[in-house]
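Annotated features, as they stand in TrEMBL:
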type: BINDING; residues: G44; note: Na(+) 2 binding site
type: BINDING; residues: A46, V47, N51, S338, N370, L435, D438, S439; note: Na(+) 1 binding site
type: DISULFID; residues: C149-C158; note: disulfide bond
type: TRANSMEM; residues: 38-56; note: transmembrane segment
type: TRANSMEM; residues: 68-89; note: transmembrane segment
type: TRANSMEM; residues: 110-137; note: transmembrane segment
type: TRANSMEM; residues: 252-273; note: transmembrane segment
type: TRANSMEM; residues: 282-304; note: transmembrane segment
type: TRANSMEM; residues: 327-352; note: transmembrane segment
type: TRANSMEM; residues: 364-389; note: transmembrane segment
type: TRANSMEM; residues: 409-433; note: transmembrane segment
type: TRANSMEM; residues: 464-490; note: transmembrane segment
type: TRANSMEM; residues: 496-518; note: transmembrane segment
type: TRANSMEM; residues: 539-561; note: transmembrane segment
type: TRANSMEM; residues: 581-603; note: transmembrane segment
Amino acid sequence: MYEERCPETAEGTVTLLSSASSSDENPVRGNWGNKLDFILSSLGYAVGLGNVWRFPYLAYDNGGGAFLIPYVVMLLFAGLPLFFMEVSFGQYASEGPISAWKALPMMRGVGFGMMFVSLYVGIYYNVIITYTIYYLIASLTTKLPWVGCDNSWNTIYCSSRFQECLGVDRKDLDSLGVVNGTSGVVIGNGSCVTVSSLTNSELSGYQITELNGRYDLSRYTDPLHSSRIRSSEEFFKLRMLQEADSVGELGWVSWQLALCLLLAWVIVFLCLIKGVKSSGKVVYVTATFPYIVLLALLILGLTLDGHQEGIRFFITPKWEILGNPQVWLAAAVQIFFSLSAAWGGLITLASYNKFHNNCYVDSLFVAIANCATSIFAGFVIFSIVGFMAKELGKEVNEVVDQGFGLAFIAYPEAVALLPAAPVWSCLFFLMLLTLGLDSQFTIIETIVTAIVDAFPGALRKRKIFVLLGLCCFCYLVGLLCVTRAGIYWVNLMDSYGASFALLIFAICECASISWIYGGKRFINDIRTMIGSQWVDFPLFYWWPINWCIITPALLSFVLLFNWMDWSPPTYNGDYPWWAHLIGWTMVGLSLVWIPGIWVYEFIIGPGGVASRWAAMSSPRESWGPALQKYRQVAWDTHVQHGTTMGGKLEGGLEDNHHAAADPAVEPAVMYKAQANDGYDPPV
């Protein structure tokens, strides 16, 4: 047994609550096994593939070390406030991203939109995890398959064919000298022939000079130089993806990728089979393993020749670029998407916390740790990339890349140059796998929790079947992404599925909670959970100032500039019109819920226009802490600090002196919906 200290009640006393440490505080929904489960799950959700394959390139491309200034500024004014708001909101309600909006019924459309975006992302994100599984299995060999150009999938344009034909090291390609007649040269059709077999006119055309049976290659250059493709790129596109020429050429389903995709979904299902009880333990491995690998890669990178140039390339500040608004926009977008805010995942994870968990400290730690991880990953990536540039005799900016290009082309090529390359390759792709799985766990749990919380009576005890059905559905849809045109669909879903909608959700969250639900009421909700000693500290006023004004204004600015700077996504050229139509349909399906729920709530409301508005903009009777003992604490805390809890006390307690003393502290509930469980299905 342990004692848990609650915040002060209206009478100024402190209530002590007892709870068995071996049982959940909320026996209906369950809780995290312990605090570390939540922290690691939140960290794993926030720290994803983008921290490794997007941030380093973004920093280099936007001022190097100087990029950290707008990055930190955007963290303080946009990332942290939104992160803390969502975690507090979810923990107070102990509900998923749809049901939590019983606090403000008219905004339930935001929760529906979050669920749809999570569905889009969950489908294609597991396809990316599929790629990492494929590469991980391919790395279980003594020679990495993307090394060299003698494989069946390689073309005449494979980058190392030239040096293999000449029989020289890549470092010596710029200093070719005199060779004998048996040496090989590459001709215009990509063939490798002996130099002695060339005619005089061909020798002249290739700027090769013959002298007494010897041949001077000092002026000879690769005739296919401008068309050369990295061997690692050919492995990615021609071997794994078997890439088609356009999005409409589906071709066949790759059975290898289909099996890897099945394995990915089986892993997700098994790790979530017991909800947060199982996923909360898995993250002890998946959330910490990437840091072990990153540290090992950094140590290795610092021992390699050329690492200084790579790191210098990453951190050298370009102060003049800070005057470019695009740099600040890039920082805001990176912070927003890196912290995984407005997806519904943070609300879901926090909803399984114990009521008096210190969500304030947790939010600060996870958000700052996430950003520190991005910077740390930058040093790791650029130390290895600097080594690769040195080995290839190129500049760093010629070999660095981002996204798929970094994870599946540039970095595999760099790893192939390391000693014990297969070992480092396995570690790297195992790291990507764990990074992806952490985020995927929360994405799928968000959808399942939203569905189960929406229909608790019918689905609470059948949650495993909801999870199984969702995994099967996503797998079947995901098969589209492992056809020959699969990469086009992944890129299309990534570009449209989680772009403008998330920014709109975030703006709606800030504006509705701060201005309609009430910023002061929300602060007292937080006070109920963490106590007055945190909320009354002067620096805490930073949060409501941001929630009410700065954060929504900043996100509106980012959204506006995104619209102004938006260009249709491309992959190997432009998409056809019907592909863009599908993309915009995805956006529409996630956003239409917001105005749709407004209309629905207005129609079902009682009375005239004013009464209907009051009903749709006021909390449901069931709004408030999930457990009765905390509803009483919340009620008293709100009364003491001049606000109302919004919902009613259960068990007839609404008739006590707190409710009857003053009409001003009555719950702001204008009508009773049928069953009044805080959730009215609009369909």
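Residue numbers in this text run from 1 along the chain shown.
Here the Cβ of each residue, glycine as well, is placed from N, Cα and C on the backbone.
Two recorded stretches are said to be in contact when at least 3 C-beta pairs lie under 8 angstroms, sequence spacing 6 or more; the transmembrane segment (496-518) and the transmembrane segment (539-561) meet this definition.
Under 8 Å from some Cβ of the transmembrane segment (581-603) lie the Cβ atoms of residues 105-110, 112-113, 116-117, 120, 492-493, 495-497, 499-501, 504, 508, 569, 575, 612-613, 615-616, 680, 682, all in the same chain and six or more residues away from its ends. Shown in sequence order, S41, L43, G44, Y45, V47, G48, V283, T286, A287 are the residues of the chain, 6+ apart in sequence, with a C-beta less than 8 angstroms from the C-beta of D438 (Na(+) 1 binding site). A contact between the transmembrane segment (38-56) and the transmembrane segment (364-389) is present, since 3 or more of their C-beta pairs, 6 or more residues apart, lie under 8 Å. Counting neighbouring Cβ atoms within 10 Å of each of the recorded positions (A46, V47, C149, C158, L435), the lowest count belongs to C149. Of all Cβ atoms in the shown protein chains, 29 besides its own fall within 10 Å of the Cβ of G44 (Na(+) 2 binding site).
The Cβ of S439 (Na(+) 1 binding site) has G44, Y45, G48, L49, Y125, S340 as same-chain neighbours under 8 Å, each 6 or more residues away in sequence.
Contact counts against the transmembrane segment (68-89), taken as Cβ pairs under 8 Å, peak for 364-389 among the stretches 252-273, 364-389, 464-490. Taking pairs at least six residues apart, the transmembrane segment (364-389) and the transmembrane segment (282-304) share three or more Cβ pairs below 8 Å and count as touching. Between the transmembrane segment (409-433) and the stretches 252-273, 282-304, 327-352, 464-490, 539-561, the greatest number of Cβ pairs separated by less than 8 Å involves 282-304.
Between the CA atoms of C158 (disulfide bond) and N51 (Na(+) 1 binding site) there is a gap of 30 Å. Using a Cβ-Cβ cut-off under 8 Å and counting only residues 6 or more beyond its ends in the same chain, the transmembrane segment (252-273) has close neighbours at 126-127, 129-131, 133-134, 137, 240-242, 279, 282, 437, 440-441, 444-445, 448, 464, 467-468, 471-472, 474-475, 478-479, 481-484, 486. Cα-Cα distance from S338 (Na(+) 1 binding site) to C149 (disulfide bond): 37 Å (rounded to the nearest whole number). A simple way to gauge crowding: the CB of S338 (Na(+) 1 binding site) has 24 other CB atoms within 10 angstroms, across all the protein chains here.
Counting every protein chain shown, the number of other Cβ atoms lying within 10 Å of the Cβ of N370 (Na(+) 1 binding site) is 23.
Remark: N51 (Na(+) 1 binding site) has S338, N370, T373, S374, A377, L435 as non-local neighbours, by Cβ distance under 8 Å and separation of at least 6 in sequence.
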